[in-house]
Amino acid sequence: MPIDDLLQSLAIHQGANAIGVILSGSGSDGALGLQAIQDAGGITFAQDEASARFGSMPHAAISIGCVDRVLSPRQIAEEIAQIATLPQPPLDETMATQGERGLRPVFRLLQKVCNIDFAHYKRGTIERRLSRRMALRQLSSVADYIAVLESDQAEVVALGRDLLIRVTEFFRDPETFDALRQTVFPRLLADRDIGVPIRIWVPGCATGEEVYSIAICLMEYLGERAADTSIQIFGTDVSVDALDTARAGRYIENIARNVSSERLEHFFTRDGEYYRVGKRIRDICTFARHNVATDPPFSRMDLVSCRNLLIYLDPVLQRSVMPLFHYALNPDGVLMLGPSETVGAFSELFGVIENRRTKLYSKKPRPGRSGSRPLGLTSAPSLPVRSPGSSENHGEPPNAERLRREAELKALARYSPPYVLCDDELNIIEFRGDTGAYLVNPDGPPSTNLQRLARPEVYLAVSDAVRQARRDGIAVRREGLRVDTVEGTREAGLEVHPVHVAGIDGRWFMVFFEDPAQRSARRQTGNGAIGTLLLRTIERSREWRSSQANRDSAAEIARLNTELDATRAQLRATIEEHASAREELKSNEEELLSSNEEFQSTNEELETAKEELQSINEELSTTNDELRYRVRELKELHDEVAQARDYAEAIVETISEPLLVLEPDLRITRANHAFYEVFATTPEATLGIRLYDVGNQQWNIPALRELLDEILPEKTIVRDYQITHEFPVIGLRTMRLNAARVAWPSKALILLTIEDMTRQHEAVERLHAADHQKDEFLAMLAHELRNPLAAIRNGLQIWQRDDADADSVRNAQAAVQRQLDHEIGLVDDLLDVSRITRGIITLKPKRVDLVTAVRHAAETLREEIRMRRHEVTLNLPEQSVTMDGDAMRLEQVVTNLLGNAVKYTPDGGHIRVSLERSGDAAVLTVTDDGIGMTADLLPEIFNVFVQADRSLDRKSAGLGLGLALVRRLVELHHGSVRAFSGGLDRGSTFVVELPVLPLGTAPEPAARSDAPAATRAGHYRILVVDDNVDAAESSAALLRLDGHDVQVASDGESALRGAEAFRPDVVLLDIGLPGMNGYEVARRLRAMQDLTGALLIAISGYSGEEHLQRCLEAGFDCHLVKPADLGQLDALIASHRSRRTDANNAL
């Protein structure tokens, strides 16, 4: 915020001479700077919102209460001109000579209106604030200002508000909060019992920034432990308005100068142009009105942070406050002071923890004290009068006798009231008279320190008077004290006299205590009473000498005579001083009259200057209007530029690919979020650094240098320039670069986008590999499909020859049947893989015995095993191994594994199949001593279309689908399959693990077929519908051989016409018909009245579950996959006939 920086700098360097003005503008910049000027004693103005084009900046400053006057720009100029005419400094000489006595009416009014005693604020602070208010009121006389205060209570409130402490901000002095995290918080949390709350007190908290900063710092330190830790933080102040702000926790957005974005995100919520402290922080902070000078202190505190209070209090009040802090702290508590503050004379109460960067002190136990009551709150019996010969003589200086004589002379001059003689540290050297009404013995070890002995009601008055006497070197008097005695409360007064004795170093003070009767007698006697008093004193001395005759001596008489001579000399000197003072006062009065005439002349000159300034102001107003118009134009232009910049930056951040903006020397001036994320770097390690030096020179790539140093200077735009490079963090990558040179007002910039093409390249390579694999598979598929066709053609030719014998015909028929079964198996495997890959295969689980499944698989392959002359060993348990599964699919798994072992083992090989139970799993192992596999093939052996041998030697035919089916079927049964091989020609082992049911669980019995055995006794009318004429006619011929009456149709229309006339008992209907498909034909056939009982059988090459469901919905009774087996067809017809017979019998 540049305006905040400017104004804060002005406050630092000019202090009370600074004037801050906030005019029209957007945002909240300038508010904190204006507050700094006001806190330094300067004067602040803000433009009223009615005349401001943009009212955000003035409003922000006004909202935090740091504006003295809200006016129009013209009125602000007039006010500043008036302030400039005031004499400097505004405090007059009368104020300087009267000292604090001249401020007593001010303190009295403040006490009455604000209920706060400011008498013990530091003199400099009071004078600065008073001067500021007088300047705002355009007054140069304290007396005039006091008259304003007496007539205007609002001005008293304003002065009181100015005097209150407001210098605060979030995380002020960051090293302080480092010390909290590193030193204080670990100390407070060490060995802390669970449930004991952390208690912190911040006196003089102002608007709460310090309280919330400590709370946030503590929450950050605790981390996850914060939820389990009880925290109580108390912020106190005497200002109700400041406490209201603190409780609300709502601050202008300029706090972002001192609060990091991470903290704003975690601990604040945005509220328009303000930030509000989050609820979890506000819940642990309590704010209350409390005056450390008069109210009882808090207690049981772990930390007292007083960084903004003591510097505003005078030493008297500081000495009163420090014991209160000691009382408030726990035994191991910590006191934190500001950088300009120390514990001073209270080192016996606080020990130093750290005093270099931050002022941290630990509480010490009070020596000899059983309790922890703060000083000033104790009570004790009256102090006995000390006799001149008392043995106690704390800090007695050399030549003490001469010092006592000087004190006695002064006592005689003052009618001998009770008094004490003390040194500069207020250690009492001598007692005279009965001081019991003013001094008491405190608890603890004996002491002769005046501050320790003074009663609470006279403590502040004594300390204040001594401080002034020490500073001014003159006698100081305090009246209006009220002391408690055995006779009751009475009024009292005191005087402090500095004592100077030649030949004795140091400063000494006599403190006289007296009641009103003594003061009245002294005033009535005047100068003549001095002689009377002297005579009485001499008489008392003579009486004393006569009563003490046994102690008279020549030396004593000589001493007393000397003292009397000195007394007479001092009295004469005093009278001469009074006469001289009267002459000086008369001379000063004449000088003042002369000065008054000079002031009148000066006032006339100022009036003339005012008129000249008014003329200049009118000229400036015209110029200002012109400048305002120009500023408006510039502001609009600036807004347009800012919008364009924001738009461009938004585009940059929106781009998902990494983007860099380079200067002509290739230094990075901008990078988007995608760049930092992809290359795992930060703005600090990127911006302002040449591209080739970023990230350990990872961009120092020859190909990139060629682009930026050679190609780009010759071209404006370079597209799709690819480089491949090993990057330290992300590894080997292929990047596509696009670069462009962009003209900029001051210089040309280079835009460079970086797109990671590695995945695209890898995807292309995988597509090429898949395409190559597909080509190999299609070639293999063509080969596998053509081989059975060749055998079928040869068998048919043998069958058709008239000269073929019966054995040749039977062998040809068997070969054709085997090749057809093989061809059907290939198609089934393809369909199974497709269904499993698409996730549409459905298992039909029941309790299955794996032993039975293995035996059935071995039985299925018995003929092929016999032909290959293999020796197969089955090692199966005697008891059932039961699991929930699909019996058909489990047999398919075993058949595929055993079939692979049979195919890929040379003739006469050895194959071993074992099944055993291992815990909750069944382990099926198929081992052979066949061709084996290479190590690089093992990870891919269960993929689709993968085979160990794709050479032209296709003795072990197949599509490479069997093992892929095995893996998918096993996974559907929640099992696993693994392959092992020692290498080529060293055999293979496949191990399948499947979950099984507990031992003893019986498998479900095999389903009994209710359908009767296929029979050819019945004769039916059968309609065959197929667009493949050869398939339809051949099927019809076979059915006619079984004695059925058969008709053929090749499309849906002819089928409907034929069915209406033929009225078939059975319809074999192809699904894929031209024009009207088989589903629609089936629905129409079902709608015919004569065909409601007909058997509709779908004939199709589709075998998926969805196709079966569609057939049932269209009205089909069952479904056969092409080529249909006549045995299955006979069984379906027989089953249908049986159901119809049962239905007729039921009728």
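Keep in mind that glycine also has a Cβ here, set from the backbone N, Cα and C atoms.
Among the features that TrEMBL reports, coiled coil is placed at 550-644. Annotation comment: TrEMBL describes 393-402 as compositional bias 'Basic and acidic residues'. Residues annotated as domain 'CheB-type methylesterase' in TrEMBL: 1-82. The domain 'CheR-type methyltransferase' annotation in TrEMBL covers 91-366. Annotated domain 'Histidine kinase' per TrEMBL: 780-998, in sequence order. Feature annotation from TrEMBL assigns domain 'Response regulatory' to 1021-1137. What TrEMBL records for ASP1070 is 4-aspartylphosphate. Marked as region 'Disordered' by TrEMBL: 361-402.
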For the domain 'CheB-type methylesterase' (1-82), the number of residues DSSP places in helix, strand and coil: 43 helix, 12 strand, 27 coil
CB within-chain contacts under 8 A for the residue listed as '4-aspartylphosphate', separation at least 6: VAL1025, ASP1026, ASP1027, ASN1028, GLY1078, ILE1099, SER1100
Three-state composition of the domain 'Response regulatory' (1021-1137), taking helix and strand from DSSP: 59 helix, 25 strand, 33 coil
Arithmetic mean of per-residue pLDDT over the domain 'Response regulatory' (1021-1137): 85
